[in-house]
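Pasting in a structure now, in structure tokens, and then I'll have a few things to ask.
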Amino acid sequence: MVNFLEKPVYKRVLLKLSGEALMGGHRSSSIDPEMVNAIAAEIKEVVNLGVSLGVVVGGGNIFRGVEANAKGMDRTSADYMGMLATVINSLALQSAFERIGIDTRVQSAIAMREIAEPFIQRKAMSHLEKRRVMIFAAGTGNPYFTTDTAAVLRAMEIKADVIMKATKVDGVYDKDPVAYSDAVMYKNITYSDVLAQNLKVMDATAISLCRDNHLPILVFNLQKPGNIVRCISGIPIGTLVGD
């Protein structure tokens with residue numbers, strides 16, 4: 001258990017997870033139960049701090065629509081398949097959360113009432129006020145939009161203070177830190193600089209939406225245990241993208 005501050009610096013947060021994050025170190029499996037359980041344990045600490053939390057997860061561990069389109073698949077069909085992959089991941093997270101006592105609801109942008117509620121903004125807000133964790137599935141429900149853009153939309157709709165983007169590296173760098181040992185990490189950077197330098201934080205649509213609505217983005221390393229709680233507690237890690 002990680003305890004930093006009694007009062008978190010953010011009251012409502014949208015956490016964006018990649019689908020690949022659920023794979024953990026087991027690249028032979030789409031979903032690693034140990035990794036999902038580790039994420040759930042950190043989420044419980046966040047809930048115990050009194051933070052209101054929404055989650056958007058990608059589907060790239062199961063299916064990547066952009067890659068399928070590049071190989072000849074119709075883009076609309078490929079994107080819908082990717083959206084369905086996010087539903088699978090959302091249900092995996094819900095199961096892990098509820099197993100350790102986190103009251104959770106999944107809302108889907110594509111109607112599938114047998115397994116998830118439809119996305120209704122007022123209902124999502126009501127769940128959050130009752131201290132339920134919200135998992136938003138199926139992206140925006142429309143092709144040609146990424147799950148990063150979906151995360152920004154949901155963050156604005158639930159009036160989140162910040163969108164926390166979980167990654168495999170410590171923050172935003174001037175170039176790929178995996179390929180270049182001299183890559184420099186930014187502590188703070190503006191939306192406009194991210195767009196001008198074509199830094200791979202989120203797609204341009206998502207970054208522009210954040211800029212237009214003054215929604216800060218905190219980019220951090222999910223692979224370091226305790227980092228979700230550190231971010232919410234105001235510990236200076238990662239990169240903050242803002243005005």
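Quick reminder: no glycine exception, Cβ is built from N, Cα and C everywhere.
Pulled from Swiss-Prot, these are the listed features:
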- K16, L17, S18, G19, G60, R64, T167, Y173, D176: ATP binding site (BINDING)
- G59, D79, T140, G141, N142, P143, Y144, F145, T146, T147: UMP binding site (BINDING)
Does DSSP put T140 (UMP binding site) in a helix, in a strand, or in coil?
coil
In whole Å, how far does the CA atom of N142 (UMP binding site) lie from that of G60 (ATP binding site)?
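N142 (UMP binding site) and G60 (ATP binding site) have their Cα atoms 17 Å apart.
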Write down the Cα-Cα distance for G60 (ATP binding site) and T140 (UMP binding site), rounded and given in Å.
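Between the alpha carbons of T140 (UMP binding site) and G60 (ATP binding site) there are 16 Å.
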Can you check which residues sit near T167 (ATP binding site), meaning Cβ under 8 Å from its Cβ, same chain, 6 or more apart in sequence, and list them in order?
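T167 (ATP binding site) has long-range Cβ partners S18, V219, F220, N221, L222.
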Over all pairs within K16, L17, S18, G19, G60, R64, T167, Y173, D176, the annotated ATP binders, what is the largest Cα to Cα distance, rounded to whole Å?
24
Report the same-chain neighbours of K16 (ATP binding site): residues 6+ apart in sequence with Cβ closer than 8 Å to its Cβ, ordered by sequence.
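Non-local contacts for K16 (ATP binding site): V55, V56, V57, G58, T147, D148, A151, I163, M164, K165, A166.
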I'd like the Cβ neighbour count for T140 (UMP binding site), meaning other Cβ atoms within 10 Å of its Cβ, all protein chains included.
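I get 21 for this one.
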So if I draw a 10 Å sphere around the Cβ of D176 (ATP binding site), how many other Cβ atoms end up inside it?
10
Can you list, in sequence order, the residues of the same chain other than G59, D79, T140, G141, N142, P143, Y144, F145, T146, T147 whose CB lies within 8 Å of the CB centroid of the UMP site?
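Neighbours found: G65, G82, M83, G139, T149, A150.
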Rounded to the nearest Å, what's the C-alpha distance separating D176 (ATP binding site) and Y144 (UMP binding site)? Just drop the number here, would you?
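So the Cα of Y144 (UMP binding site) lies 25 Å away from that of D176 (ATP binding site).
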Can you tell me how far the Cα of G60 (ATP binding site) sits from the Cα of Y144 (UMP binding site), in Å?
15
